[in-house]
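If you look up TrEMBL, you'll see Asp42, His246, His248, Asn282 marked as Mg(2+) binding site. The feature domain 'Pyruvate carboxyltransferase' is assigned by TrEMBL to 33-307. Taken from TrEMBL, the feature region 'Regulatory domain' applies to 441-560.
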Amino acid sequence: MPMLRDPSAKYAPFPQIDLPDRQWPTRTITAPPRWLSTDLRDGNQAIVDPMDAHKKTRFFDLLVEIGVKEIEVGFPSAGATEFDFISGLVRSGRIPDDVIVQVLTQSREDLIRTSFASLDGARAAIVHLYNAVSPAWREIVFGMSRDQVREIAVAGAKVMRDEAGARPDTDWHFQYSPETFSTAELDFSLEVCEAVMDVLAPTPDHPIILNLPATVEAATPNIYADQVEYFIRNLPNRDSAVISLHTHNDRGTGVAAAELALMAGADRVEGCLFGNGERTGNCCLVTMALNMYTQGVDPALDFSDIDRVIRTVEYCNELPVPARHPYGGELVYTAFSGSHQDAIKKGFGARSTQNDERWRVPYLPIDPADLGRSYEAVIRVNSQSGKGGFAWVLEQDQGLKLPKKMQADFSPHVQRMADELGRELNAADIWEAFRQTYHVQTRDKHFQLIDYEERRASDGSRLFSGRIEVDGERQSVSGRGNGLISSVLSTLEEAFGLQLEIVDYVEHALTTGRDSRAAAYLECRTPSGQTIWACGIDEDVATAGVRAVLSAANSAIART
Ligand SMILES: CC(=O)SCCNC(=O)CCNC(=O)[C@H](O)C(C)(C)COP(=O)(O)OP(=O)(O)OC[C@H]1O[C@@H](n2cnc3c(N)ncnc32)[C@H](O)[C@@H]1OP(=O)(O)O
Ligand SMILES: CC(C)C(=O)C(=O)O
């Protein structure tokens, strides 16, 4: 039994933070944070084949297009690929004036100097220093006391200060991360950050960025929010620091933790597109930004063409964006199940009639069109689907708006096909089933309309005379009625002895413009009381009605 019956001996619950007057639970997010993308660093260090310069450049350009203003472009001391990319980028003139690049370094003198060297010639840059501060890292990784670990940070900060001082042509900004903040004692994180601030002497005009990582997510997101609020409230010179968040997703709540910690007073969020990053990844910037958007807050990041973003991210990371990933996954706007389809279809219907700006479509938290997604994929049909499903597909694909009762009539045909095929039914499958069921635009039917003309008799009645192919043989037939439809019905009765009574008739245009076509739907009853639904489609609305009557006649013949 690999899983323990009593895991409490091996895993301890995370302790609560003593912050009884916490403020964050009653706050809301009303403005976007400063965003930093760490796709080219935390993301890149976590993929099987790190990106080459070509891929990194493509990713960088994408981030700029989306609107990210702070971009961690790598870890210059990791090797030549990283160093050359960063120094090449700095010299390329590719970095827009309103975008600042950031690099990460361990707190080791040689690595810090290499990091500064990679940024030679930069207009502005952020150098990001880190060392882990929590007990397990102190004891296991460094084998050091608290004082010694604090000294790692202080020594690194001094090298940063001196390197920056020696390179006055660049507008340097400093960032320090007490790595493993989320599992460290809060007083110690504060102590180390204060010691780093003492060296770097930030001011409100030139603040330091203090980045508080949940390097490993170890508790529920409210705990991280408490930690961040506690840190902010106890940090001297708060106005000389930008408080930044860097969450991971080990418990699946990386975005939630960042959201609550933003409510706790943080200013900046680091993360990756679609949550790439070490292990389960970083905070997903797409999710967090679009969560804000769906609360009516402009996130200042643009995902208007989310599929293009996904294509580039998948190409660069060589990792798929999962089908269920919030906002971006292939299936996140798709309903297969009947009751969801029904509600979504009604939601779109209500939108088209109510002219209401507020988004209120059941089951869809966001309008897919805002992200460049079409409505076609919103509803897909398989054996779990209902009437709303195929009705939506026929409407999107063919422009057909089936009357409700006809949907019920067609439903068993679709259900049978889905059960038999055991797979999703695409638009072509459904259209083919519809054509066969209602003899629409098929050649192999019993009655086939060739042509007809309609005249008004002196007594006001209508005369239908036309040519109908009956099992391949053309016949000239005619009949009289009060209107065109009834004259065709009497023609069928007189010429072929076929009796049909009209119960309901609906017609609508299929498209607008010069090439418009029309669809007519007919509910008929046979002398034995059977209901027959029929459909006719034609460029001319009257002819669509005639075709619908012949569709009903073909069904009646098929049933005998
Ligand atoms: C949580 C994060 O994501 S942090 C970012 C991590 N990212 C990366 O590591 C990607 C790039 N890194 C690299 O390419 C390599 O680690 C290099 C080139 C930077 C350094 O490589 P190496 O020197 O071979 O070793 P490594 O990274 O394993 O460092 C281990 C040593 O550094 C020490 N160390 C680790 N982190 C830090 C730090 N932040 N500050 C100071 N020392 C550190 C360790 O205690 C260890 O010391 P020891 O050798 O005395 O036991
Ligand atoms: C370097 C820091 C910010 C980091 O990546 C982490 O702790 O996850």
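Backbone N, Cα and C define each Cβ position, glycine as well.
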Cβ within 8 Å of the mean position of the Cβ atoms of Asp42, His246, His248, Asn282: remaining residues of the chain near Mg(2+): Thr38, Pro213, Ala214, Thr215, Thr247, Gly254, Glu270, Gly271, Cys272, Gly277, Glu278, Gly281, Cys283
Intrachain C-beta neighbours of Asn282 (Mg(2+) binding site), sequence separation six or more, cut-off 8 angstroms: Thr38, Asp42, Gly43, His246, Thr247, His248, Asn249, Gly254, Glu270, Gly271, Cys272, Gly275, Asn276
The region 'Regulatory domain' (441-560): DSSP-derived helix, strand, coil residue counts: 32 helix, 53 strand, 35 coil
Whole-number mean of pLDDT values that fall within the region 'Regulatory domain' (441-560): 93
Cβ neighbour count within 10 Å of Asp42 (Mg(2+) binding site): 23
Around the Cβ of His248 (Mg(2+) binding site), the count of other Cβ atoms that are within 10 Å: 25
Mapped DSSP class for Asp42 (Mg(2+) binding site), helix or strand or coil: helix
